[in-house]
Structures are given as C-alpha cells and as structure tokens.
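Trainee: Here it is, the structure in full.
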Amino acid sequence: MQHNQLLEQLYSGHSLSTSESTALFNAVIQGELSNEQIAAMLIALKVRGANTEEISGAVAASLQNAKAFPYPNYPFADIVGTGGNGQNTINISTTSAIVAASMGAKIAKHGNRSVSSKSGASDVLTALSVNVNVTPEQARQALDEIGVCFLFAQQYHSGFRHVAPVRAALKTRTIFNILGPLINPARPTYHLLGVYAPELVKTYAETAVALEHQHSFVVHGSGLDEVALHGETQVAEIKNGKIEYFTLTPEDFGLKTQSLESLRGGEPQENAQYLTALLQGKGKAEHANAVAANTALLLKLFGYDDLKQNVQNVLAHLVSGKAFETLQKLTTY
C-alpha cells in the first residue's frame, strides 16, 4: 500500500495494522515523507491515541533500520524510562544500571540526551567521561568484560533525524516520546521500562506482549518514569505472554517513604557529582534508597525474587565502593 493511502487511513480516524504501521514508519525513517506529511501523521496518531499494533509496527521499523549490535549469547537487561515526566530528578536508571552490573548482572542501557529534564542518560555519562559514541563492537566488549554498556540512541537510529525538526516544531509529545525504551538495538532479554504517565502502563504492557518480550516490568511511580519512594508505583509484569498488574509501595522494598524533592537533580555536571558520590558509598541516603529500589526490581528479572533482600544487598554494595570501580572501567572504552 502506498504511503498516501496509509496516511489517508490515519486522517479518516482509522487504525493501522502492525504491518501497515511498519511500512509507514519505514518510509519515515528512510526519509521518504515530507516534514508536512510526518507532522500530519504524528498529530493524527496523537489525537486518536496510538494503539498496540501501531506502536509495535513503529518499533519493528525502528529495529529493522537500526545499526546492528553483536548479539550476546547470555541473558541481559535494559533499564530505561521514557523521560518526559518533567520532574528533573537525578539519573536513577543510569546509576542502577552501573550498580546492577557491578553486582554481576549484564545491562545494555539504551539512552539519549535529555527530553525534559536538564540531564539525560547520555548527558550525565558524558559528564562522567564515558564515551557514549563507542562502536557497537566496543559496547559489546564492555558488556562482556564489565557487565554494562551504553547504547546512544542517536548513533543507532540515525533515520530519526528525519523526524527531529518536526518534533521540535510541534513542541508536543508524539509516539516518538514512547518509542525510545522499546527500541534498544541490542534487543535485551529482559526489560525494566519506565513510563511518564499512568495510562501508558497498560499500553506498554500490551505492546511488550506483542513484541514477545520474555520478561519485563513496566512501571510508573506517582509521576516518575521509575520506581517511586514518595508514593505508590504501578507495575505491569510481562512474562510468557501474560500480564499481571500490581502496586508496589516503599514498604514492599523495606524502605520508608521519602520526598520527591530529595531526588531533585540539576545540570549534567551536578548530577555526575551526585552519581559519583553514590557509587563511592558517600551519597545521600535518599539517593541510595531510590537507586536500591530500582536496582532491586531490575535484579528480580535475573531471578532474585526478594525485593527487600535485594535492597539490602544493593545498599551494602554501594557502601563497598565496588560500583564506582565499574564506572571507572566504563570510561576506558
């Protein structure tokens, strides 16, 4: 079907099938649509609300066009959020990725520059002297040797440059704001995915099933795209094609409720200082607790089922300073 027919289908309020969505997003990523067509398509999807098939198709097209990553023969995970929650916290998922890796898990973290905060994953890593532009082969080597690597979205999804000016001009959230966590080019075995809005938990969970995720958690934590300690966290667990919905509280992690204010971050350089202190075992208790809760859920994907025990193990590990050694090694690639 021609692009124009697919666009016409969207304009008339009809949904696209997964294969139709894949075809249309392939055209976008390969630069076959004008800015006006891309804008119209994104707004049509936004006004109606993209469904599971449309999101799955967009993910499929993104992965088909992504730069290849040498696939490992061992299980590994990603911990990544949509961003865009406007809360401007410290880089919790980036820190959790490094901590989990230094505890023996394998984490291929997909990330980008900041969406709405002052410091996205690649911003803070750059401030920490990590080269976010390593080749796929170098990233894979880091994953093999130290258990963690960073995949900079812009490097793997170069076709997204065709959408960038349109997104900038529209100044509103579009389907591209929710694609990021789902399009890790390493195609992880496990996923801990954070979403910026509670209504996205179900959409994301159903999309994860459509994408045949082996074992994933989707979380929204009282306004945050990660596990919260200032309120409840809504969770969807996706395993073997089935979804289970539940709520987690700070008590489930053996932790006390703490204010969201205590996790406020700043510019990349400031967040880098918080992160360094934390990995050296000298960080703020509230920062350590937030990272421990998120890392605890991440470790559950690797079979460590006791969240309270996981939290205690992470907190003890942070005090040891071993996680900082992992960060130092990451800067050598």
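For all residues, glycine too, the Cβ spot is worked out from N, Cα and C.
When I checked Swiss-Prot for this same protein, it listed these features:
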BINDING   GLY81, 84-85, THR89, 91-94, 109-117, ALA121  5-phospho-alpha-D-ribose 1-diphosphate binding site
BINDING   GLY81, ASN112  anthranilate 1 binding site
BINDING   SER93, GLU226  Mg(2+) 1 binding site
BINDING   ARG167  anthranilate 2 binding site
BINDING   ASP225, GLU226  Mg(2+) 2 binding site
Trainee: C-alpha of ASP225 (Mg(2+) 2 binding site) to C-alpha of ARG113 (5-phospho-alpha-D-ribose 1-diphosphate binding site): distance in Å?
Mentor: 16
Trainee: List the residues of the same chain that sit at least 6 positions away from GLU226 (Mg(2+) 1 binding site) in sequence and have their Cβ under 8 Å from its Cβ, in sequence order, or write 'none'.
Mentor: GLY81, ILE92, SER93, GLY194, VAL219, ALA290, ASN294
Trainee: What residues, ordered by sequence, lie under 8 A Cβ-to-Cβ from ARG113 (5-phospho-alpha-D-ribose 1-diphosphate binding site) and sit at least six positions away in the same chain?
Mentor: GLY120, SER122, ASP123, GLN154
Trainee: Ranked by the number of other Cβ atoms within 10 Å of their own Cβ, which of the binding-site residues HIS110, ARG167 ranks first?
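Mentor: The residue with the densest Cβ neighbourhood is HIS110.
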Trainee: Round to the nearest Å and give the CA-to-CA distance linking HIS110 (5-phospho-alpha-D-ribose 1-diphosphate binding site) with the residue listed as 'anthranilate 2 binding site'.
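Mentor: Distance between the two Cα atoms comes out at 20 Å.
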Trainee: Could you measure between THR89 (5-phospho-alpha-D-ribose 1-diphosphate binding site) and ASN112 (anthranilate 1 binding site) for me? Cα positions, answer in whole angstrom.
Mentor: 16
Trainee: Please report how many Å separate the Cα atom of ASN112 (anthranilate 1 binding site) from that of the residue listed as 'anthranilate 2 binding site', as a whole number.
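Mentor: Computed Cα spacing between ASN112 (anthranilate 1 binding site) and the residue listed as 'anthranilate 2 binding site' is 15 Å.
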Trainee: If you count Cβ atoms within 10 Å of each one, which of the binding-site residues THR89, SER93, ASN112 comes out on top?
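Mentor: Of the binding-site residues THR89, SER93, ASN112, the highest Cβ count within 10 Å belongs to SER93.
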Trainee: Among all protein chains shown, how many Cβ atoms are found within 10 Å of the Cβ of GLY81 (5-phospho-alpha-D-ribose 1-diphosphate binding site), not counting that one?
Mentor: 25
